[in-house]
């Protein structure tokens, strides 16, 4: 049986709700002169942008001054909106370089940055400068590229951030947690914007099986080019068609 707890008028008057944290993420502490950096990272289709938007909208609801930035290269859904894969969106300012963020973020309480992996290394210094000036900086981006290597400035951002949240997609082949963004096409450019037609989230096991299969296929093609006479190779390719 639950016991009812009553408060005297004196206790009620002295109650300070700000002493009790209601949410997981931190909010602006105006008593401190420094802000902080939060990084949301993971593979494609893991909900990074969705989580970024959620935090930013909460800050807006709390009447905090919020600015959102994204690289101009990201125009998949909209040129100005930050849009998640499930169509959740928030207005943003596209910028060609990280240095622009420093100029445009003056007077903000919270700054959000999406697709941070596409910025140059200066984004790390920009985020630290903003945090040192008292701003809460929330960054979202891919931690690894399609080859499974650390992506751009993300490792340095994760190292310097006070809070790092790694989110996961679901592997399309095994149903396990996915850590990797596997590219389906043979395009080898590091930056290639795309959706499910271009990428799929894979677990560690599924990713390295796919990489091994691709390497074996390339070896077979190379061996065929070296061993078969040109005429035989043309016949072989014709048969494959």
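Just so it is clear, glycine is given a Cβ too, placed from its N, Cα and C backbone atoms.
Copied over from TrEMBL, here are the features:
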type: ACT_SITE; residues: 115; note: active site, proton acceptor
type: BINDING; residues: 42, 43, 44, 45, 46, 47, 48, 49, 114, 115, 116, 117; note: ATP binding site
Secondary structure of residue 42 (ATP binding site) (DSSP, helix/strand/coil):
strand
DSSP-derived structure type at residue 48 (ATP binding site), helix or strand or else coil:
helix
Just going by other Cβ atoms within 10 Å, which of the binding-site residues 44, 116 has the emptiest spot?
44
Could you give the Cα-Cα distance between the residue listed as 'active site, proton acceptor' and residue 48 (ATP binding site), in whole Å?
9
Helix, strand or coil at residue 114 (ATP binding site) [DSSP, three-state]:
coil
So how many other Cβ atoms are close to residue 42 (ATP binding site), meaning within 10 Å of its Cβ?
24
Can you tell me how many other Cβ atoms are located within 10 Å of the Cβ belonging to residue 46 (ATP binding site)?
24
Just report the maximum Cα pair distance in Å for the recorded ATP binders 42, 43, 44, 45, 46, 47, 48, 49, 114, 115, 116, 117, no decimals.
16
Of 114, 115, the recorded positions given in the record, which has the fewest other CB atoms within 10 A of its CB?
115
